[in-house]
Amino acid sequence: MIIATTEIQAINSFSRSESLSLKEVYGLIWLLVPIFTLILVIIIGVLVIVWLEREISAGIQQRIGPEYAGPLGILQALADGTKLLFKEDLLPSRGDISLFSLGPSIAVISTLLSYLVIPFGYHLVLADLSIGVFLWIAISSIAPIGLLMSGYGSNNKYSFSGGLRAAAQSISYEIPLTLCVLSISLLSNSSSTVDIVEAQSKYGFWGWNLWRQPIGFLVFLVSSLAECERLPFDLPEAEEELVAGYQTEYSGIKFGLFYVASYLNLLVSSLFVTVLYLGGWNLSIPYIFIPELFGKNKTGGIFGMTIGILITLAKAYLFLFISIATRWTLPRLRIDQLLNLGWKFLLPISLGNLLLTTSSQLVSL
């Protein structure tokens, strides 16, 4: 009897451990599926941005653009990435190899982490944190450290100058960007990205922060372009002055990682413009005409999720079009003009906007 009881207890404990292990496996799967789905969406989004930039720049310059790699040249970015993947990875003989190798990885990883707090639809966010927007600002401030490491580790005067410019530019425009985000948080009574979108949806189209914070929107727009180091703010990699800036000594896949980080940063900035100022996944305008169709993105379901994602991406790519058109139409600023714009104009304007927002919130109490 004792042996039988012992066997039964062993079988029961084994079945419990097996069920627990199955639950852990299922939990791990449900944790990894959204992450890999988000990474896949980000990769596709970056490929679309590269294709759009080439087509828009070709249209502005009155030329054809890519047309052989896939239909309408949409696979050209994959072809370029494959080429860089198989090119030789050269290392500077007198540089700091560890800093040289870590720099591109830090730039890419810090930008990827920013996507954790972006809501693509109702309940479609990996991490709905109470400090979501400030987490993005904190994470995005890590990327210039990677660029500075790349410039210093290259042991090249052009690379080091580019890294210093990247750090100075990031500090100059991070402060106005933070003040604009703080104004939005005060207006929405929350720092969660989901709560900010929900606060804008209460009043429909005219409740967007674009209309309630027009000054902050313009400052945020300019500051986000400067943070992405896009023309006319690409001083860290100015070809006429610094060859290629902090990228000068890089080749192969590490060289390609800088471009990946740049486009990832551009996409995440566009998504945050959508979330903070353009109502996120809420379309608002057609609610008057077809409320039963566009109201479903709040009730869940595959159809509602799809509608929310499409609305978010449509708004983000509208801002992307503006960014790409700006790059190919405006000349580059000088470094003194760049810093003066950040410290003497955008910083006082964003600070005044924050004071006005705080005053209006206190009066409304």
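Placed from the backbone N, Cα and C atoms, the Cβ positions cover glycine too.
The transmembrane segment feature in Swiss-Prot is assigned to 29-49, 106-126, 129-149, 250-270, 302-322, 338-358.
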Selected stretch (most C-beta pairs under 8 A with the transmembrane segment (302-322)) from 29-49, 106-126, 129-149, 250-270, 338-358: 106-126
Cβ-Cβ under 8 Å with the transmembrane segment (129-149): same-chain residues at least 6 beyond its ends: 99-100, 102-107, 110-111, 113-114, 116-117, 162-164, 166-167, 169-171, 174, 177-178, 181, 184-185, 190-194, 196, 227, 236, 246, 261, 265, 268, 272, 276
